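Visitor: Following this message is one structure expressed as structure tokens.
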């Protein structure tokens with residue numbers, strides 16, 4: 001079983017502070033860290049740490065950040081053979097402020113903006129060899145939709161994490177296997193005229209809405225609403241928790257787990273990831289998730 005991630009590769013510049021500053025306010029920070037990140041890269045690393053065979057597809061610049069990010073992928077077991085190194089283009093950067101167990105993020109795309117149709121055309125045949133493709137929206141949206149169309153035409157299952165938030169066309173939603181917005185992203189895509197339950201019933205076992213500290217919710221094919229509460233965590237840093245959930249969910253579904261099992265596993269993995277600092281460094285290994293599930297009696 002092989003999983004592919006087509007998406008962003010960033011260096012996270014993370015500042016910790018007592019709290020996140022208000023508009024127009026200057027605060028003294030506690031520390032500055034340079035940490036491998038990017039939603040795509042985070043999801044690939046999450047899956048690799050959970051034991052998946054996974055390859056990352058995307059672009060980095062020919063700079064120190066790009067070199068370090070490629071080295072990090074190799075260290076955690078993510079394949080990088082098709083990542084393009086672009087001359088004279090900076091690697092993507094995310095500027096993150098962490099405070100009061102929450103974060104704000106500004107992303108400068110850099111090389112991620114060069115993950116275009118031409119790049120996808122060069123990796124199409126390779127993508128056909130994967131059991132599932134995972135996508136996010138830190139690369140050009142035109143590219144994301146192009147990959148969705150290709151995977152749909154070739155019957156390759158797709159997980160679309162529609163973040164950063166955008167108004168994803170409903171025809172794209174119809175073509176993906178799973179779409180995993182948070183509550184804000186769901187409103188942007190589907191509007192406010194439907195209740196959450198009505199919306200979930202419109203897309204059973206396709207639409208999975210993440211609810212932060214409240215967990216995750218979906219609708220099973222029998223019409224039952226499945227709400228999986230979040231595990232209580234000693235939160236240190238929420239950066240990358242959503243990416244961990246997406247990666248863990250994709251892996252479990254690719255392995256054949258039913259929806260409830262996959263979401264409970266993903267929920268526990270995501271909560272464990274918040275208990276350590278750093279998006280990728282905090283991501284759990286498979287054994288940690290399995291041990292925690294055992295403590296919880298198999299339930300999150």
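In case you wondered, yes, glycine gets a Cβ from its N, Cα and C as well.
Features from TrEMBL:
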ACT_SITE  243  active site, proton acceptor
BINDING   10, 11, 12, 38, 39, 40, 41, 42, 138, 243  substrate binding site
BINDING   182, 210, 211, 212, 213, 214, 215, 242, 243, 267  ATP binding site
BINDING   237, 239, 273, 276, 278  K(+) binding site
DOMAIN    2-284  domain 'Carbohydrate kinase PfkB'
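Please situate the listed features within the shown structure.
Guide: Of all Cβ atoms in the shown protein chains, 31 besides its own fall within 10 Å of the Cβ of residue 243 (active site, proton acceptor). Annotation note: residue 243 (active site, proton acceptor) sits in a helical segment as assigned by DSSP.
DSSP classifies residue 12 (substrate binding site) as strand under the three-state reduction.
The C-beta environment of residue 182 (ATP binding site), restricted to residues of the same chain at least 6 apart in sequence and closer than 8 Å, consists of 163, 209, 210, 211, 212, 242.
Around the Cβ of residue 237 (K(+) binding site), a 10 Å sphere holds 23 further Cβ atoms from the protein chains shown.
Mean pLDDT across the domain 'Carbohydrate kinase PfkB' (2-284) comes to 94 in this model.
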Visitor: Within 10 Å of the Cβ of residue 12 (substrate binding site), how many other Cβ atoms can you find? Include all protein chains, please.
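Guide: Result for residue 12 (substrate binding site): 24 other Cβ atoms within 10 Å.
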Visitor: Determine the most Cβ-crowded residue among the binding-site residues 39, 276, using a 10 Å radius around each Cβ and all protein chains in the structure.
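Guide: Top count of Cβ atoms within 10 Å goes to 39.
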Visitor: Taking the centroid of the Cβ atoms of 10, 11, 12, 38, 39, 40, 41, 42, 138, 243 (substrate site), which other same-chain residues have Cβ within 8 Å of it?
Guide: 7, 8, 9, 36, 37, 92, 94, 279
Visitor: Between the Cα atoms of residue 276 (K(+) binding site) and residue 243 (active site, proton acceptor), find the distance and write it as a whole number of Å.
Guide: 15
Visitor: Whole-number answer please: how many Å between the C-alpha atoms of residue 10 (substrate binding site) and residue 278 (K(+) binding site)?
Guide: 13
Visitor: Round to the nearest Å and give the CA-to-CA distance linking residue 12 (substrate binding site) with residue 273 (K(+) binding site).
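Guide: Residue 12 (substrate binding site) and residue 273 (K(+) binding site) have their Cα atoms 16 Å apart.
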